[in-house]
């Protein structure tokens, strides 16, 4: 039941409450200044009609006007009550008045100001809203202005009132100057580009400015250049030319874009000739190919657009294009620009490095057909290039300059150029030497032989002050007398044009200066030999040998010894031996083989056979390991030819001891084959037995097949058994090698035994050995399978004096100790039948005696 009551207080004659409100009313009467009591009461009355709820808020605020909680909830509730009403409804004005009343006490609360301003923005009352924002900024301390300004700026941007917004932004930038980019973007959007350019220029020049968008100073510069260059009619307060040129000095890595921006500014301003001047200045000053490409492409596009506009204008006026002189001029200008591109690009590269010799040569080639420009280019090049900073060979510029004059018939001018070149302080002696050689070649091409000799003799003359060839502190003019290039050319000219004595003097001088090469020494000796001065040529070889060490002296020794043997043969055998011993003393193993073979040939032809064998024996020790096998082959061949094959047994034995397993195996087979030919079956069998220790049956099946064939032909039951026993022993030896087993385990995949990685963690130490044992058992089983199967046919070895009856009886008996040969062995011995064995008498091979048989 609802009970309506009226309070007896005279100040509240209209206050009405229900029976459920009595407890809250009584509590309020006891604690009327308690915010919590009022809030509990208000929370209880949330479902009551809006006037009753508002009345309750008013009662509370009258007693507690400084309660932020009450005001915040009350204002929020009042705004919610009018949310779906028309903004012209009088209720909105009542809510606004409530906010104004609240600010009498709550003017320091930014949250209430923000809610009120947002409420006014929703009503669309622009002036009232702007003034309220201003009141909020005045009422709040400056530390809390940052909470008001974002909403204020959003309000300013939401209405097409640029002047109001500009004034607001200017005030905001005083508080937050780092937000200048936001203001600049607004100015651009509102088409106030002049002020935007001013603000952007200020930002760019402020070194302390940090972009909120993370833009670099160059990016801001680029925005400024684009802004002022693309809007010349709207940006009036800035000196665009000065700004962009200032950027050219600051941002040297982006010159192309800045130059294009400056030219674009003048193009949009209608100053086309000024824009063309900017382009020309740009392509003559940029330092990189990238910048040049940007500027040149923009320049060419500008000229094309000008020509297209001119042609369109002419067509509209009805004039013939052929009669338009201005159009012809523009076309000619555009063609000249395109034709100048390679030369302009070359200029860019030379501005990067004016000492780049190759680029100067390319520049000359670009002027092909224009002699005056070529001469000017060469002159500029030789004056610009510093030999100590040059990239390339600077002397080639002088030589090419002289060659240009020579090709055009101006021989005197060419001589003058080369003479000046000989006085240039080059960095390398070789440059000056090349110039002197070109001087000589110039005279030779025009058949001035005496002048050529005179020039080269002048170049090689001793200077007043001698200097070492590599002494960088001395000018190259004092060091060129030691240049081998000049001396070599002089020696060639003396051989062709001079006398024997003058040529000999030149070669002697080269040797005295110790600048000769092995080829120079050989040339000198050959020159003396051609003139029948044999001993002098040998002396030249000796002098050359004293100048060089191994391996450079190798060619000199080879030529010297060959010439000496060809000259004297066996007449000066002791001297030849001394020369060989001298050559071999200190000779590296790499070069010893040729000398030893030459030495042995000398002994074979003119000396003693035992001396030749001694030389071969020394050679097998002196050469490189890779050449020992070839050396032993030669040694064995020569020993067999001279002394007979029996003399090679010791050589074979030594070769087997020295050579690697692969080559030793081949030597053993050859050795055993030789013994077989000599009828020494036991010696051959011993060799096979020795060699078997280095022959793994799995990889050297050819050896075991050879031994098996040998035993089938020459052996008996016991020898074959011994061979098979040795084979099993060797195979077991190789099987038990841990390294081999490990490598085999890695190769086996998917086997039943598995791998170490398949084991459980913690068992690797014990199970590694288990796997090795399993693998060993597997390999042993394979070895058992590899053993020869029991033969179906029997090979019986019988005495040669057995009768046919005994042979037949033996053929029918089963031998309990018969040899188990494999199927392949059975096939090889199918032809052997237990018939009579015929013994043939063989003659001694002729190779046994060698060359001694002839004696």
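Note: Cβ is positioned from N, Cα and C throughout, glycine not excepted.
Straight from Swiss-Prot, the features:
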type: REPEAT; residues: 48-80; note: repeat 'HAT 2'
type: REPEAT; residues: 90-122; note: repeat 'HAT 3'
type: REPEAT; residues: 124-158; note: repeat 'HAT 4'
type: REPEAT; residues: 160-192; note: repeat 'HAT 5'
type: REPEAT; residues: 198-230; note: repeat 'HAT 6'
type: REPEAT; residues: 235-268; note: repeat 'HAT 7'
type: REPEAT; residues: 270-305; note: repeat 'HAT 8'
type: REPEAT; residues: 369-407; note: repeat 'HAT 9'
type: MOD_RES; residues: 420; note: N6-acetyllysine
type: REPEAT; residues: 498-530; note: repeat 'HAT 10'
type: REPEAT; residues: 571-605; note: repeat 'HAT 12'
type: REPEAT; residues: 643-677; note: repeat 'HAT 13'
type: REPEAT; residues: 679-713; note: repeat 'HAT 14'
type: REGION; residues: 810-855; note: region 'Disordered'
type: COMPBIAS; residues: 820-834; note: compositional bias 'Acidic residues'
type: MOD_RES; residues: 851; note: phosphoserine
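Mean model confidence of the repeat 'HAT 9' (369-407) amounts to 90 (pLDDT, 0 to 100 scale). Within the same chain, the repeat 'HAT 6' (198-230) stays apart from the repeat 'HAT 8' (270-305): fewer than three Cβ pairs sit under 8 Å, each pair at least 6 residues apart. A Cβ distance under 8 Å defines the sequence-distant neighbours of the repeat 'HAT 5' (160-192), meaning residues of its chain 6+ beyond its ends; these are 126, 130, 142, 145-146, 149, 152-153, 199-200, 202-203, 209-213, 215, 227, 234. All protein chains shown were included, and the count of other CB atoms within 10 Å of the CB of the residue listed as 'N6-acetyllysine' stands at 14.
Residues 15, 32-33, 35, 38-39, 41-42, 94-95, 98-99, 102, 104-106, 109, 111-112, 115-116, 119 of the same chain sit 6 or more residues outside the repeat 'HAT 2' (48-80) yet have a Cβ under 8 Å from a Cβ within it. Proximity of distant same-chain residues to the repeat 'HAT 12' (571-605), defined by a Cβ-Cβ separation under 8 Å and at least 6 residues beyond the stretch ends, is recorded for 550-551, 554, 557-558, 560-562, 564-565, 611-612, 615-616, 618-619, 622-624, 627, 630-631, 634, 638, 642. Residue counts for the repeat 'HAT 13' (643-677) under DSSP, split into helix (H, G, I), strand (E, B) and coil, are 32 helix, 0 strand, 3 coil.
For the repeat 'HAT 10' (498-530), the residues of the chain that approach it from at least six positions outside its boundaries are 453, 460, 469, 481-484, 487-488, 490-491, 536-538, 540-541, 543-544, 547-548, 552-553, 555-556, 559-560, 563, judged by C-beta separation under 8 angstroms.
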